[in-house]
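Accompanying notes for the structure given below.
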Ligand SMILES: NC(=O)c1ccc[n+]([C@@H]2O[C@H](COP(=O)([O-])OP(=O)(O)OC[C@H]3O[C@@H](n4cnc5c(N)ncnc54)[C@H](O)[C@@H]3O)[C@@H](O)[C@H]2O)c1
């Protein structure tokens, strides 16, 4: 159902790989709420993914850009503004990749080249996007930036390895850039810390089912689905959240503030019998 929350707004959405991607749902919902959108993803991912289907569905051009390349991001922001005929109101950073995770490296045996690549792709890319946008003065006043994070930024989780550090850096960049862009352009920058979600990136993590089921059992509302994450992102792009900035916002069904749930307590009782 549309409330036209984003009527007249234009934005860039990164990270839609297939219909499981969180960014895919955000793009669909932003379109439904009246926004015009430019889609972007890494050139390689665009060949593998199904992004063209989404582009046709929501009538959005695709501008490929490797999010680690300042040059390609510069082209992305220039061309997006050319397409819209003006500045941008919102940006979704929905990008994560760790070759260490892909190759099943344990935390004690990380490849440092991969580690640097993880930080570059999954965290510094947010800084690069915002630095390019700042230099081009690409944001309208009261614009909004959302990047997707995970609670492993605050707490240790098995097998999330170097992505935990990447998320901590990502959240820190959001605060620092939120301060800068808020002051300069009244643009807000937040991270949304999402429940485990069955996407390509999510299910690529060893032991993902354990993450997912544990969070499901611990969260009073259950794990937040990708569609609900998209709804939350829309609210953050809308004018209803103008003074929310520099926050890491938990979108996790109550997981992060639960000590133990009844379901887990029952399981532990049984285990102790
Ligand atoms: N799935 C989960 O459990 C979960 C939970 C919390 C946060 N997140 C975060 O949500 C975001 C989106 O992930 P998703 O779960 O929708 O999975 P996804 O695999 O659908 O999306 C990840 C995207 O990152 C893109 N990407 C990778 N390298 C890139 C590069 N160099 N340049 C540009 N784009 C690149 C991929 O092409 C892909 O579209 C990520 O930041 C992820 O860490 C996911």
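Cβ from N, Cα, C; glycine included.
What TrEMBL lists as NAD(+) binding site is 15, 21, 22, 95, 167. Just so you know, the Cβ of residue 15 (NAD(+) binding site) picks up 27 other Cβ atoms within 10 Å once every protein chain is counted. DSSP gives residue 15 (NAD(+) binding site) a coil state; it is part of no helix or strand.
DSSP classifies residue 150 (active site, proton acceptor) as coil under the three-state reduction. Annotation source TrEMBL lists active site, proton acceptor at 150 (among others).
Per TrEMBL, active site, proton acceptor is recorded for 160 (among others). For residue 160 (active site, proton acceptor), the same-chain residues 6+ apart in sequence whose C-beta sits under 8 angstroms from its C-beta are 101, 150, 152, 205.
According to DSSP, residue 22 (NAD(+) binding site) is assigned to a helical segment. Overall, the recorded NAD(+)-binding residues 15, 21, 22, 95, 167 cover a maximum inter-Cα distance of 18 Å. Under the three-state DSSP scheme, residue 167 (NAD(+) binding site) falls in the helix class. Checking the recorded positions 21, 22, 150, 167 against ligand 1 with a 6 Å cutoff on the Cβ atom leaves 21, 22, 150, in sequence order.
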